[in-house]
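Asker: The structure is given below, and queries will be raised subsequently.
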Amino acid sequence: MSTTLRLDHFLDPFEARVVVTEHGPRFDLSALPRLDHMLLGRNVLEVPDIVKRLCGICPVTHHLAGMRALDSLFDAPPPPAARNVRALLHYGSVLDAVAPKLFGHAPERAVELKRFGKAVLALAGCPGHFPDVAIPGGVREPRLGSLEVPEPVFVPDLDWEDGFTGLSLRLETEGEFDPLGGWLSTGEPVAEWPQLITETDPDQPAPRPLYRGRPYRVGPLAQFGSMHPLAAQATQLNHALAQVKRLLRADYSGPWVTPGSLRDGTGVGLVDGPRGILAHVYTAADGVLVSCQILTPTAQNEPWLAAMLGALDPEAAIRAADPCLPCTSAPEGQMNVRTVPCA
């Protein structure tokens with residue numbers, strides 16, 4: 001006797017759900033469950049590889065954040081050549097992820113920059129979708145070459161009223177934006193992240209974190225200042241192009257790895273990715289993950305997005321916060337925003 005399975009449920013990749021609660025509208029993140037508890041008990045060395053494959057939209061950022069947490073647990077800061085390779089990998093991922101945002105305004109440039117981003121990723125050792133470049137304390141030895149860097153993109157002058165009054169957090173080195181930097185823009189080292197950030201609704205897809213009790217946001221507007229979100233993304237692309245040009249001339253004479261050994265304790269890995277700061281915090285004992293926090297930019301920006309949903313057109317608000325979901329790839333005006341009452 002056979003069983004018939006009907007696979008006829010339509011999933012709209014451009015659908016965005018806004019849940020209306022007694023406290024106002026909130027963006028529905030139920031499709032993004034927390035992974036933290038599912039990882040406990042694993043060999044801590046396996047965790048970055050697992051997470052990068054579970055989050056297919058930003059695998060490079062998860063790869064680098066996880067490896068930075070392991071760098072901390074190994075007490076093995078990568079040598080300069082390895083830092084350059086990691087930076088090249090990061091900026092390739094920025095170009096790859098952000099270039100499609102230009103499709104509605106400059107489609108030829110969007111295609112050109114996405115193609116160039118793929119070439120940069122391959123140059124850094126990631127010819128496919130999932131990277132295997134960084135290792136604890138460094139990188140695998142790459143096969144570097146040369147590339148011709150495209151011209152910068154035009155930054156549109158668009159009206160934008162930014163009503164956000166909280167903190168804008170980014171990573172820095174010596175006061176300048178650095179997506180792989182060791183300091184928060186507030187002046188604290190990234191190692192203090194677990195003491196600075198408190199989840200007010202812990203373990204939930206939307207944990208509503210606060211920085212020292214204050215609301216904050218991450219992402220292009222935090223990285224480059226208050227401007228129209230599309231202008232911030234164009235600025236993000238131009239920054240990536242300039243950094244790739246610098247990195248192509250950088251010194252890549254080894255070593256590629258700083259020796260180290262896994263210790264018990266807590267390792268913190270932050271990367272300021274295309275959508276903002278991604279945090280991986282691992283606590284290990286005898287090589288096993290015993291505590292974990294993975295805090296995505298989407299989760300951190302949910303309170304900011306909820307506030308904008310009450311003040312802006314819903315699609316404009318969602319595009320401004322740019323959650324890590326397929327709906328943000330919808331052509332302008334074609335995002336299927338569904339408003340549903342809270343159950």
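The backbone N, Cα and C atoms fix where each Cβ goes, and this holds for glycine too.
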Asker: Do you know which of Cys292, Cys324, Cys327 TrEMBL groups with Cys55, Cys58 in the Ni(2+) site?
Answerer: Cys324
Asker: Excluding Cys55, Cys58, Cys324, which residues of the same chain place their Cβ within 8 Å of the centroid of the Cβ atoms of the recorded Ni(2+) site?
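Answerer: For the Ni(2+) site the neighbour list reads Gly56, Ile57, Pro59, Thr61, His62, Arg275, Leu278, Thr296, Thr298.
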Asker: If one measures from the C-alpha of Cys55 (Ni(2+) binding site) to the C-alpha of Ile294 (Mg(2+) binding site), what distance in angstrom results, rounded to a whole number?
Answerer: 11
Asker: Please report the DSSP secondary structure of Ile294 (Mg(2+) binding site), reduced to three states.
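Answerer: SS state of Ile294 (Mg(2+) binding site) = strand.
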